[in-house]
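Down below is the structure, laid out as structure tokens.
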Amino acid sequence: MQAGKSQRSVLALVITCALILGFGIPLIPLVGVDSAEGTEVSAASDVATVSAENSLQNGSFEQPDVYQYRETSDVPYWKSTTTSGNIEIGSVFKNGNGDNDSLHMRTGEKVAAAEGSQFGKPATSNGNDQYAELNSNQASSLYQVVNTVPESKYDWGLYHRGRQGKDAMALVVGPKQNVAPMKTSATSNDQLQQIVTWVSGQQDRDFGLDMVHFSQTGTSRKITVYTTKFASGGRFDTTGVSSPFSWSKDSRHTERWELWIIVSDCDEWYGHGEFNGDEDPDASYIVPEGQNETLFGFVAVSTSTGDITSGNLLDAVQFRQYYRMDFQTPPSGSGTYSTDGETPVAFDSAASKSDYALVGSDVTVTAKPVDASHHFLGAYVGDTFVDADQWTANADGSYSLTRTLTANLSVRLMFSANTVVYNVNGGDPYDSDNPETGYEIYIKRGSSYTNKTAATKRNDDGWRFTDWKYDDDHILGVNHKITYGSKTNDLSISQNDQTVVSGIPAEKGITLTAQWTYRQAFATTPEEDAEYTSFLNEDPNGVMAYINIPRLKSTLPIYHYTTPESLQKGVGHLRGSALPVGGKNTHAVLSAHRGLPTSRLFTDLDKVRKGDHFYITVLNRTLAYEVDRISVVKPDQTKELSVQPGKDLVTLVTCTPYGVNTQRLLVRGHRVPYNAAQAKHEAADSAVSSFTVYGFVATYGTLAIALAGIAVLRRNAAARTPHHAADWPHSLTVSVR
């Protein structure tokens, strides 16, 4: 039985493969049913690409060379929402002579197309000057779905004519829908017609046109409306909404449509949009970001007679495509742009420019540095950097570049100031090779600068130059090298033939700041030690101050020095750093152990987070500090303990990782105003936590005693000596940044 099933399965598979490969029979349903059925339409059958003339395809309805009703499939690119699927093509000619019945106006004249022989295109014997009638045998919509470029602009123009009086139509433009617009009966409205009907009923708005009786010829203002997505059966998705239409966008009304109501009489063809005799700024559509397919719909609205089976003649539909252009520059330069030799338009850092230009236009961009100390590097044209060497250098010091517009254009000019600036930070310059240089250095692309520059002295006594600082992580000696590679983000710093920093943008440049150390802190005498211990020594127990760290739920005494004696009792003050009394240009350093068997001290310092507070009580006042930097350094790295001009800092120090103690954990805080209420709240949080712990111990006393006994045994087994964070260093050389 099982073998029989297997054989049948193999046979079925063989037959299936034969059908697919040998006979080409599609076993998967194909998307793309007649649009009148209201089902999904495939992109392949429903999308027309914008032509080289930047217009919709077959906009004058010259294909095919016929007169009378045609199936939608017979008229290239166009779709109709009539239930019959027909498009009515009109012409003054039929079969080569003008005696046949063609469309007659109220005046009795035969109607020639707006675009055809009258526009320099001779009519052929079978009538090659054709137009469409929107009310063919019922009110309907004609539409195309076009591949569009997001953020580009389309200016439209068309000719419209009434059949026996003033007829009204609408141009509706918006995103392609998964369901094609459709009518369910000859008297029903498709989705595009429903949008126009809803808009026409909003009489509280001024559209610039009589939307009730359509008594005046012309074009309305551009109207923007939002709808839900199209649904099958000529409907909208109304899930969760009372109406599929809205004047504003929300989570359900996501589809943005722009439309124009157009009214024309029957005495002549009326030009609208770009064909109305002047440029109409409202006659344009900007493709939203991310919208690659756009529906252009031409909708029958009303006829002068009320007869839905005739009226609204349409011809010479044209859309001209414009690409978006964006121009930017930093403050170090300015620029201009022009299209096809027109008057240049200026832009600078305060006024970047966005504009549109016709596809195929020649766009010329110029760039000019703000002064002689700045240099033009080139520009990002889209995502590609075009080096200054590829631009044309002009006599006035500007550079120019011309590009043919084949897509949206973005140009971002790039300038560089002197590439490296040495900020002596209050000192005087010194350069052993050239004393006049070394502070503003310009490095050309592909070259380098080797620094031998130091700063010899500050304006006040007692300081010596140590090194140059790039940022908090990179401190350089006097001898270092700056290299400018082949790209704009290719500045690098090297020292001792090793790259220290790379990938620095040239337009940003490099600023190095002199670092200074206070000479008088290098050595101390017994007299100076005695003087130090006399400071803040009012407490009989030798306590300088107290530190409260809410995150650690602890208040600890602070003692002079970081000797083993001090660190067994509490927190040690690092000799050579500022006393913990606050004030500008001070940086106090406080150190404590981790892992002492008798006290936790700074054991949990790694739990402190940026934004936390700690408080120092000294001389009957409380100083508040907010944590702004947490770092881990090697024992010989003390740069972060330097004084920073104008700042009041305190750094807490302990060993890390816990139990290994090969590095130092630094928690730095800067002075903030003391807030008694906040401090009380943080203290209350600590008290609640402590109370909870004590309650736990009291409730489970027996278990706690047992665990404590185990801990003692383990501690005796480990028998390790804690590492002394305060041994790093015993005293501090004070530095100022």
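Just so it is clear, glycine is given a Cβ too, placed from its N, Cα and C backbone atoms.
According to TrEMBL, the features are:
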type	residues	note
ACT_SITE	H593	active site, proton donor/acceptor
ACT_SITE	C655	active site, acyl-thioester intermediate
TRANSMEM	691-713	transmembrane segment
Helix, strand or coil at H593 (active site, proton donor/acceptor) [DSSP, three-state]: coil
Between the residue listed as 'active site, proton donor/acceptor' and the residue listed as 'active site, acyl-thioester intermediate', the C-alpha gap once rounded to whole angstrom: 7
Neighbour count (Cβ, 10 Å) for the residue listed as 'active site, proton donor/acceptor': 24
All-chain count of other Cβ atoms within 10 Å of C655 (active site, acyl-thioester intermediate): 27
